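Please read the structure below before turning to the comments.
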Amino acid sequence: MSATTRREWLLSDTPSSRSQARWGRRYQLWLAFRRNWLAVAGLAVVVLMLLLAIFAPLLATHDPGAQQLANRLQPPSAEHWLGTDELGRDSWSRLLYGGRVTLGMVVAVVALVAPLGLIIGCVAGYAGGMVDKVLMRVTDVFLAFPRLILALAFVAAMRPGVESAVIAIALTAWPPYARLARAETLTIRNTDYIAAVRMTGASPWRVIWKHVTPMCMPSLTVRVTLDMSSIILTAAGLGFLGLGAQPPIPEWGTMIATARRFILEQWWVPVIPGIAIFTASLAFNLLGDGLRDVLDPKQR
Amino acid sequence: MIEVEHLNVHFGSNHVVRDVSFRVAAGETFGLVGESGSGKSTVLRTIAGLNAGWDGRMAVAGQALGPRRDRAFFQRVQMVFQDPYGSLHPRQTVDRILAEPLEVHGIPDAESRITRALEEVALPRTARFRYPHQLSGGQRQRVAIARALIADPSVLLLDEPTSALDVSVQAEVLNLLSDLREARQLTCILVSHNLAVVAHLCERLAVMQGGRIVEILSEAELRAGQARHSHTQDLIALSHELEG
């Protein structure tokens, strides 16, 4: 199929199959998204960082754990592209492997948090009454804690490490999604199209799962993408405080923490992971902004 | 087919339907007329099971209705809503909307049923995989009618099915409803504020004011100008004024 006919097939006003209608809709969204070059740049950077993290073993020039004490705190050179850290380990390789840990934590948190918040919010909003009251008070309890403090307390109570950091961040990150999903559900539940679905005799679970959640997905996706940067910062913050990933695991926050003594003399050592955190946060924010312009029906 | 006795509906402290009683025979089309806020749509939605907080007695096909309706009820009774722009799920194609009732009731042969349902409401095959926003108002209302009829109900509740449409499309949709009613022997309740529409489709009608039925009369009596209650006479005078 050539490029023009594929385009026509996607933009057809009279799709002839389920999949054509679905792909056509996605293509329309992509066309709208593409017009915002900042968002496309954000997406490109996010994809690039994920690829770098995934292919870290192929791209790394050194073993991220190999120490060369004679070669410590070197500036960038042909041998060590981004220099070496305080134990003579290659910063470029550690940055790549650190991306695996940091971005992996973000993905794990989102995978835990988004479905949980969505289900709790939709059920509370759709059921109303007692169910709503109980679920929302539980949400309020978690919302009342400052995020980093609860995460700190939780990690301190458990064993410091990547898994506990993920669980701790997840515990504090879901309530806003539940609130958002509930608010969306409240506006949807009294519409005629949901009344029509109820009149098919579908069970409440089916109504929520098949008809309410798809309407909550766009705003939730936007919110999650915008929150990615703060999740990265919290993950890095926990690492910096020594409660996230433990040395010698390379993690961007931990890398800054261990190198912070050299900020005046060998500034590139802590600055390089700092730039990585900054770039990732910015890219996710730009991507989220672009997604909001495309997905949020209230903006159109 | 449908019996409603001493129906009262409360929304919180608002008493919106007061002591409403009527009967609709099988195959009959019954009209509910009144101004906005007279409670006519509320009666319909209460029969459909979309309102809680009612008392009185209601029965469809001899079976008394409780606070919760079972799946068999929804296979027998279906509804067409007033606003075709609001009654179709904005993220589902026509195909998906029509497939949903079949999936819920476990009716086999979805493919041919959907094709037939689209033919029945005179929608082109090309409309099948479109989203609601790609259809006109009249086409959307046809989709809503097809959805209501796809599981073969015997009772159809019509909540001002044409009032959100252009005048030219109104007649088409009314004729479609009237043909389908003939072909499928449907029992219908039609809610409308438009006496002409009600007179066109209904054998008998009830006039509502302030949550009460003030008069029940036949279409012949309406045409002969034999309305007894002053509110009915007002409505008739008003519709003549609008037409003339």
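Including glycine, each Cβ sits where the backbone N, Cα and C put it.
Taken straight from TrEMBL:
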type	residues	note
TRANSMEM	A:36-60	transmembrane segment
DOMAIN	A:99-288	domain 'ABC transmembrane type-1'
TRANSMEM	A:101-127	transmembrane segment
TRANSMEM	A:148-174	transmembrane segment
TRANSMEM	A:228-246	transmembrane segment
TRANSMEM	A:267-287	transmembrane segment
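Counting same-chain residues at least six beyond the ends of the transmembrane segment (A:148-174), those with a Cβ under 8 angstroms from any Cβ of the stretch are 101, 105, 108-109, 112-113, 116-117, 120, 142, 227, 231, 234-235, 237-239, 241-246, 249, 251. Counting Cβ pairs closer than 8 Å to the transmembrane segment (A:101-127), the top stretch among A:36-60, A:228-246, A:267-287 is A:228-246.
Same-chain residues lying 6+ beyond the ends of the transmembrane segment (A:267-287) with a Cβ under 8 Å from its Cβ atoms: 38-39, 41-43, 45-46, 49, 73, 75-76, 82-83, 85-86, 91, 95, 98-99, 102-103, 225-226, 228-230, 232-233, 236, 252-253, 255-256, 259-260.
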